């Protein structure tokens with residue numbers, strides 16, 4: 001590659017418009033922003049700022065994620081052709097500026113330009129990021145009218161959009177109508193259902209893929225192995241592992257990491273460690289998956305030992321690695337080791353990452369050091385819900401119910417929106433207050449705020465009302481719960497038992513839950 005500055009800089013004798021555009025296109029593909037900037041400078045020096053070079057500059061800056069420069073040149077570009085629009089929309093969509101991407105799409109249409117198979121994927125991605133189903137449907141209709149619905153790039157983007165918006169039936173309908181389903185389309189469906197917690201359906205789609213004759217690739221393995229991990233289905237995981245070995249995917253880093261994670265989450269730590277030890281290369285995900293497996297099985301010392309082994313390597317732990325270690329120290333009340341991990345976070349400037357901050361607050365609270373947890377909490381950006389959840393839960397679990405309730409009220413005063421995790425962490429505090437007025441206050445808040453009474457929250461309300469002796473309210477809430485689990489049944493039986501009423505008040509013979517218990 002030529003030098004664009006200094007003594008060896010190009011002169012007009014061998015720097016042409018055609019060469020500049022060719023270089024810009026090349027640097028756009030390789031995302032070489034610094035080299036693209038040098039070409040831009042030469043274009044300005046030699047006065048070669050023509051339409052074709054400016055269009056190439058828009059593409060280069062967009063693909064290199066320098067959106068400010070791309071937009072500045074794009075707005076001055078006249079006339080604006082479809083390629084320039086496509087590059088600018090793509091730049092917005094890839095950099096989280098979804099609303100700008102949609103606005104530019106509307107400008108494109110207003111100028112009478114006809115979108116193509118490069119336009120639609122970026123626009124549809126923007127709709128998915130905004131979770132804007134209606135906008136996505138409108139773009140879908142436009143793609144149908146222009147004959148691009150079954151273009152592979154467009155169809156895959158539409159599948160992803162519907163799945164991200166939770167429209168599983170729409171995704172299945174489109175998928176079933178695609179004349180030639182590529183491996184990417186199958187992977188999109190598997191990943192989409194898996195990421196939305198529909199793990200059994202994801203496996204069903206994977207099985208259909210095998211029957212269809214489409215060969216799975218590495219991306220398929222990376223999508224389907226987390227399904228086995230989440231279902232703790234190690235037998236299916238082993239079968240997929242055998243397929244991976246058969247296809248020769250085993251040395252792919254992403255695939256191997258997924259295998260390590262699957263075995264670790266299924267409790268097969270020997271298999272996970274063997275794959276980890278035999279890995280030709282390891283990245284932070286490899287180490288974090290293995291550390292996470294030890295923590296999940298309560299083997300915190302082994303996790304800390306592996307963390308120590310990680311230090312001499314070139315791989316640096318990230319915020320997830322640290323938060324997992326802290327959660328292990330919290331669950332085992334290992335304050336000393338939690339402080340050791342905290343020290344590492346400070347030395348490596350990741351103490352104030354939101355994930356690490358929250359894990360630190362939780363660790364100190366669970367280790368009984370509420371003062372340290374609260375001190376950290378006061379240093380956080382309190383506009384985020386997660387740190388509030390950690391400190392409220394910490395006070396509630398340590399028997400300081402009044403402080404937990406006080407913090408919750410402060411959270412509302414500071415206009416931070418609570419979520420389900422907030423309520424689950426808070427409810428034990430209200431139960432410990434043993435005051436029906438407090439219980440009715442939080443119950444009323446949940447109704448007014450539009451919270452769905454998920455099993456975990458409803459079970460907490462049962463605990464509150466039963467401790468306050470309001471068995472009638474307790475039973476009403478219990479009867480209204482869908483998908484009752486063992487914890488829910490235990491809570492109401494304990495509540496009635498607290499007031500001298502035994503199991504004779506419950507006839508579980510006709511409850512669907514009996515089959516659930518049998519499968520536990």
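Including glycine, each Cβ sits where the backbone N, Cα and C put it.
Quick look at what TrEMBL lists:
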REPEAT    81-115  repeat 'PPR'
REPEAT    151-181  repeat 'PPR'
REPEAT    182-216  repeat 'PPR'
REPEAT    283-317  repeat 'PPR'
REPEAT    384-418  repeat 'PPR'
Distal contacts, the repeat 'PPR' (182-216) - CB-CB under 8 A, six or more residues away = 152, 155-156, 159-160, 163-164, 166, 168, 171-172, 175, 223-224, 226-228, 230-231, 233, 236, 243, 247
Same-chain residue ranges lying at least 6 outside the repeat 'PPR' (81-115) that approach it to Cβ under 8 Å | 55, 58-59, 61-63, 65, 67, 70-71, 74, 122-123, 125-127, 129-130, 132, 135, 139, 142-143, 146, 148
Averaged pLDDT, computed only over the residues in the repeat 'PPR' (283-317) | 96
